[in-house]
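Reading through the structure tokens given below for one structure.
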């Protein structure tokens, strides 16, 4: 379980550009976790719009209370305005264009990850929990066909159900992590000069966060796989209500096959932590490769300002894309097991992913994670762990296409402005 947003940004940090008021934040001091040096940004948790502030390679967000130094500019030095006025500065319009362009690029990426990809997530989860299915939908062609059938028989809402609850789960996860880190010495970030103790404390924070968000994740999963045919018009906060009811034992009655929350802790935390570790490692590797490639190309030949701006925005987006793709593919079998354990005993009715119409009940009787793995292997084969994998292919193909289109549009705007 994890936030759909890959965690690699600086949250409220600010990169590039000069603060108009260098004294801002003076009375506040950054928290330190055993070191007075500035923490390097290996991984960060708060979500941010990628590309909106990382204007140049190697720059970091200034710490609170430390005035940011003006960036080094190529070409002749600009004379400051007399009296420190806020009059128009040379190159200010270009700088604002870069910021708004970066904001737009990041917004397009977030929109693709959380909105356009949601139908793929819905169908992927329905296929994962459907142990009745004879068609595994391992290719995107069969997935597109079943999507069309659902849309024809139930309307567009069949593919967009539960989207609000996914945002709630992300908010609960980030909020829980922030609160726990504020009241405990567990760090939200890991410095470049890390040590095993710091890594362990950071991963412990992640484990506690996933445990807190687990009941809400379970409620969100039910909303995304519940058939629209028998679905009631529930409010957007129904996920919160069901999550709290799952903890205190109230709410909609469940069957005796419902697994207790403590038996779901291990698979949920295992999936979340592994997803986080794999994403972080892949992201750092891809960023390092792209950075070296960019530096070597800059040394080999002089690059245009347009290329410099593209190199400032897109490597981080590409790294996040690759990290999310690799972690989803590697952990797909574990995610299938996790979703079946969460959905068991909740009396959920799902759509028939073989026919595109009719509904099916979920009547599994897994005793735990090991029993679920063995049962899937015996009754459905190895490919039973990959049911609905074609939806992942569609999801990331769509994401890559949106990134490429955004890059083309941004390059065109830069060519017209230079």
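Note: Cβ is positioned from N, Cα and C throughout, glycine not excepted.
Taken from Swiss-Prot, the feature phosphoserine covers 32 (among others), and the record attributes it to a large-scale study or a structure entry.
Positions annotated as phosphoserine by Swiss-Prot: 35 (among others).
For 45, the entry in Swiss-Prot reads phosphothreonine, with the evidence type a large-scale study or a structure entry.
The feature region 'Disordered' is assigned by Swiss-Prot to 46-96.
Residues or ranges marked as repeat 'Solcar 1' in Swiss-Prot: 96-187.
For the transmembrane segment (103-123), the residues of the chain that approach it from at least six positions outside its boundaries are 4-5, 48-52, 137, 143, 146-147, 150, 158-163, 166-167, 224-225, 313-314, 317, 320-321, 324, 353, 388, 391-392, 394-395, 398-399, 402-403, 406-407, 410, judged by C-beta separation under 8 angstroms. Swiss-Prot lists 103-123 (among others) with the feature transmembrane segment, giving sequence analysis as the kind of evidence.
Taken from Swiss-Prot, the feature transmembrane segment applies to 167-187 (among others), supported by sequence analysis.
What Swiss-Prot records for 202-222 (among others) is transmembrane segment, and it gives sequence analysis as the kind of evidence.
Listed by sequence, the residues of this chain that lie at least six past the ends of the transmembrane segment (258-278) yet keep a Cβ under 8 A from its Cβ atoms are 1-2, 7, 203, 206-207, 209-211, 214-215, 217-218, 246-247, 323, 326-328, 330-331, 334-335, 337-338, 341-342, 344-346, 366, 368-369. The annotation transmembrane segment is assigned in Swiss-Prot to 258-278 (among others).
Residues or ranges marked as repeat 'Solcar 2' by Swiss-Prot: 311-416.
Residues or ranges marked as transmembrane segment in Swiss-Prot: 314-334 (among others).
Taken from Swiss-Prot, the feature transmembrane segment covers 382-402 (among others), and the record attributes it to sequence analysis.
For the transmembrane segment (202-222), the residues of the chain that approach it from at least six positions outside its boundaries are 1-2, 125, 162, 165-166, 168-169, 172-173, 176-177, 180-181, 184, 186-190, 238-240, 242-244, 246-247, 261, 264-265, 268-269, 272-273, 276-277, 339, 342-343, 346, 348, judged by C-beta separation under 8 angstroms.
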